[in-house]
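A.B. asks: This is the structure I have questions about; it appears just below.
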Amino acid sequence: MKIGNYQLKNNLIVAPMAGVTDRPFRELCLRYGAGMAVSEMMSCNPALWKTAKSQNRMVHEGESGIRSVQIAGSDPQLMAEAAQFSVENGAQIIDINMGCPAKKVNKKLAGSALLRYPDVIEDILKAVVNAVNVPVTLKTRTGWDTDNKNCLSIAQLAEDCGIQALALHGRTRACMYKGEAEYDSIKAVKAAVSIPVIANGDIDSPEKARYVLEYTGADALMIGRPAQGRPWIFQEIQHFLEHGTTMPELPISEVKDIMLGHVTALHQFYGEYLGPRIARKHVSWYLQEHEQASAFRRTFNAIETADQQLDALEGYFDNVAS
């Protein structure tokens, strides 16, 4: 699959997730089979660009793979400036967020709140596309609610404005993440536009991945929450798509190595104070299917230093293996 002049190594993409798809997580997913990883969203408000959080989101020097940076906001001029700033800091693709359902984003008329204002969407898309010389993509939902599904017209508008790929989550904003994603809307959008369409929502297994690709005709898949605590899901899906067989479960020794490497990378990236705190949620995701881990997770969440976290994980896996 290509986005503009960029050839992805496969059609599996890591979805942008605030507080999750930082550089350590993106690098890990790329190592375990993802074809591209989209960064956490960056606000178009220039007053926030110099904050520690935004600075961490802009670290791209030496990063593996294609560097896709997501921006969020509702002001066309500020969105254009955010796109330019991102490109100056290493972005090779700009992704526009019109899919985030979070209240704190929507109350600023950003994310999926924009689906109620097609005229504003058009202004934003044109402004961003005209502001940069890299491909611009769009991530969105099927509509504001079930009575106001407008993804088909938004997709056609996006293509007309020069958007070079469209990721569509199979839920409305009102659905948040409740219920099941639907794929009929994605199928209809794929039939209506000529730009690449990326299916998103509840793609949590190799079998589901193949079904969604075949049912919708989508060019690629975008995977978010199912990769939390299971970044190797991308290689599992790719293996199944290529060979029609499922990979054996990773041995516990490899899961241990992945976790320890990820936690160490978080410590190094965020530092001694913030690193251990961010590591807690990732460890919880890794261990969510370990029946014996509930007590350990509570203990781990109280640990405040990097060395103690690593020692605790070593001890946990020693007990699991014994």
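Cβ coordinates come from backbone N, Cα and C, glycine included.
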A.B. asks: Given that Swiss-Prot lists PRO16, MET17, ALA18, LYS139, ASN200, GLY201, ASP202, GLY224, ARG225 as binding FMN, which residue among GLN70, GLN77, GLN84, GLN288 does it place in the same site?
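C.D. replies: When Swiss-Prot describes the FMN site, the candidate it includes is GLN70.
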A.B. asks: Could you tell me the C-alpha distance between GLY201 (FMN binding site) and CYS100 (active site, proton donor) in angstrom, no decimals?
C.D. replies: 13
A.B. asks: Looking at the binding-site residues PRO16, GLY201, GLY224, which one has the fewest other Cβ atoms within 10 Å of its own Cβ?
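C.D. replies: Least crowded of the binding-site residues PRO16, GLY201, GLY224, by Cβ count within 10 Å, is GLY224.
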A.B. asks: Around LYS139 (FMN binding site), how many other C-beta atoms are within 10 angstroms of its C-beta?
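C.D. replies: So the Cβ neighbour count for LYS139 (FMN binding site) comes to 26.
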A.B. asks: So what sits near ALA18 (FMN binding site) in its own chain, CB-to-CB under 8 Å and at least six residues off in sequence?
C.D. replies: GLU40, MET41, CYS100, ALA102
